[in-house]
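> Sharing a structure with you now.
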Amino acid sequence: MAWKWIKAFVYLSVCVTSALGDDEEASASKCADFNNTTWLEYRQATKLQVQYLLLTRKNANCASLFTQDCLNHTQKHTAYFNSSLPTKVIVHGYRALGSKPSWVSGLAQALLREEDVNVLVVDWVYGASFAYNLVVENYKEVAVQISVLINQLTKYGSTLESFHFIGVSLGAHVSGFVGTLFHGKLGRITGLDPAGPMFKSADPFDRLDSSDALFVEAIHTDSDYFGISIPVGHVDFFLNGGMDQAGCARSRFASMYGYVICDHMRALHVYMSALNGSCPLIGFPCSGYEEFLAGKCITCDDPFNGTCPQIGLLKNSGITATPLPNQEKVYLLTTASGPFCAHHILVELNVSRLDKTAEVQLILKSIGHPETELNLKLYTDETRYKTVAAHPEQLCKIDSMQLINTGGRFYRQGDIHFEYICISEIPQTRGMDPLCVKNIHIGRGVPWSHDFVQVC
């Protein structure tokens, strides 16, 4: 299935080249830029070409080409690299048409705003383009070349622990193999939807794995197509179950690019949003997504000692438990568009026993924000229900709640009596009590609503 999607992506990319990135030449200044390649150049290439672009707060808007000559200070702009600072290494993945990735600048700028660091961007477009199976054959050689540079940097004062690799798709496995070459002594690796095709059944030695760095995290958003479905880090964030992201409906053909790659690239965009500090994006440990949605995993007590892991740059994703967990799956919900901030609202209902199955719609409203709609099915043999929903605002900013008895399609649905409905935000914090309404009676097609008066 994934191979079919890769072929479709290559075909559709021909139609949407402009959407893949800015292909304009670098300005007349001496700013370095990504390589671009064509099919003819790719066929004629005799060896893999890798180059490195350096960005720091001193040259945040004008990347410099970084080579081993830089380490000998034979180039004027080499003073930008500061071995006493941490170094973020960005590694892109598969490039279908040989174009530079359009997102690199945004990610680098977000990292520099957050911390005073060196940002090294690995440009291996020449080896990452066109035939995916051949690209996979190249990834270890790319990792070897990167490791040579890292080894040189350690001789000039950098430490292995100071390196944080951020790999997108196939770039996650490149980063992982660099970590393997350094026996897991790199400081951190972040895999943004690590590639799945040709890696799902691979040995841990040949893919990203928790042994590749002191701390490895991964964000999964397309595990049923381009991304890997298994946990590969100390902690693995599965956004919206790790597949079928909100706002990436496959039924729409308005954007062919979005149709093919939207889910896969959501990990990157959510990560960048987390760096921009829009809101805390925290995950809950759970055995599965359905169990999480059913409200069975509402704390982070085990194995995180009550501190939920958070996407971003906190040390070890905010995990304070020792030893670190391994391949721990955590789940979280997001909204359909940036900044993807979602507050996890636990909805608990107690219903008087029914004669027939029933269907209701629950709507949570916050002024100035999209509504949250939940469609719930109620059964004759159950009276208590729990579910988790994503809402764009915190609990204390929910202004009203509405219930609609939507009825059955092929039979007349009777009235429904709710003993109570409670909504609360998870993880629960001190001073944030649940909002509860008792003794609710709704007839078919007659909306019921309740307004909350709150001040955050």
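A Cβ is built for glycine as well, from the same backbone N, Cα and C atoms used for every other residue.
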> Which one is it, Cys286, Cys300, Cys308, that Swiss-Prot ties to Cys297 with a disulfide?
Cys286
> Going by Swiss-Prot, which one of Cys262, Cys279 is joined to Cys248 by a disulfide bond?
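Going by Swiss-Prot, Cys248 is disulfide-bonded to Cys262.
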> For Cys308, which disulfide partner does Swiss-Prot record out of Cys279, Cys300?
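Of the candidates Cys279, Cys300, the one Swiss-Prot pairs with Cys308 is Cys300.
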> Including all protein chains shown, what's the count of other C-beta atoms within 10 A of the C-beta of Asn36 (N-linked glycosylation site)?
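Summing over all protein chains shown, Asn36 (N-linked glycosylation site) has 17 other Cβ atoms within 10 Å.
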> What is the nearest of the recorded positions Asn82, Asp193, Cys308, Asn350 to Cys248 (disulfide bond), using the Cα of each?
Asp193
> From the active-site residues Ser169, Asp193, His264, pick the residue whose C-alpha lies nearest to the C-alpha of Cys286 (disulfide bond).
Asp193
> Where does Asn276 (N-linked glycosylation site) sit by DSSP, helix, strand or coil?
coil
> Counting Cβ atoms within 10 Å of each candidate's own Cβ, which of the recorded positions Asn35, Asn82, Ser169, Asn276, Asn305 comes out highest?
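Output for this query is Ser169.
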